[in-house]
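Quick notes on the structure that follows.
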């Protein structure tokens with residue numbers, strides 16, 4: 001038998017290196033372009049407003065960055081809705097226990113930070129237990145569905161229905177809603193959907209943060225509920241994928257030694273047949 005663990009480690013490292021090269025190829029040039037454009041805009045701003053010097057402008061940019069890090073959108077004015085009303089706070093609590101952590105909003109007070117630590121300490125295991133029970137419910141539904149399908153290959157049909165239904169409910173239709181409400185393209189909405197449900201949570205796209213749009217009060221709360229059920233579904237998909245990958249590696253590398261099997265067969269054929277003893281009942 002050949003151990004597939006070193007091959008899995010090498011494959012994992014190769015996958016990371018491949019991702020790094022592709023991301024660098026796709027994003028580095030665009031980043032350089034945006035950086036140059038930003039510097040050009042700052043120079044034009046200084047030329048138009050000669051009463052300012054470069055140091056004052058850099059201080060103002062720093063103020064904008066600090067405001068953004070504290071969850072304050074620099075766009076708009078003081079009439080912007082609070083990031084800590086009940087709906088937004090409910091959404092933030094969901095991002096904590098699900099470990100999504102967008103990064104666009106975080107507690108700024110010491111009391112809030114300490115509470116966040118202990119809230120996550122108990123909330124993350126509670127969320128995992130809840131998702132586990134939700135996953136068991138989905139499995140029970142799949143078993144019931146399997147009983148309905150009385151045809152050969154019903155397991156494949158069951159898996160196909162599960163994947164198709166979940167894909168439509170959690171990956172295909174939600175981007176349409178986010179595109180309509182947020183003004184994103186469908187690709188941006190699909191990107192946000194997967195990045196959120198996979199708990200990657202970059203924070204570059206977050207629902208309900210545009211100060212120029214009027215959202216219904218329960219918009220982010222409903223989004224948080226959608227996230228919870230989407231997490232359970234995608235976690236099952238990831239588990240199925242991981243199981244299939246492990247089985248593939250075991251079948252590929254844990255092959256029996258054919259030479260030993262052939263030798264044993266030859267030995268049995270060469271040996272004379274032993275007399276059989278009949279024991280009466």
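Every residue, even glycine, has its Cβ placed from backbone N, Cα and C.
TrEMBL assigns the feature transmembrane segment to one of the listed ranges (66-85, 86-105), namely 86-105. Range annotated as transmembrane segment by TrEMBL, chosen from 27-47, 111-131: 111-131.
Between the listed ranges 132-150, 189-207, TrEMBL ties the annotation transmembrane segment to 189-207. For the domain 'Potassium channel' (168-246), the predicted model reports an average pLDDT of 89.
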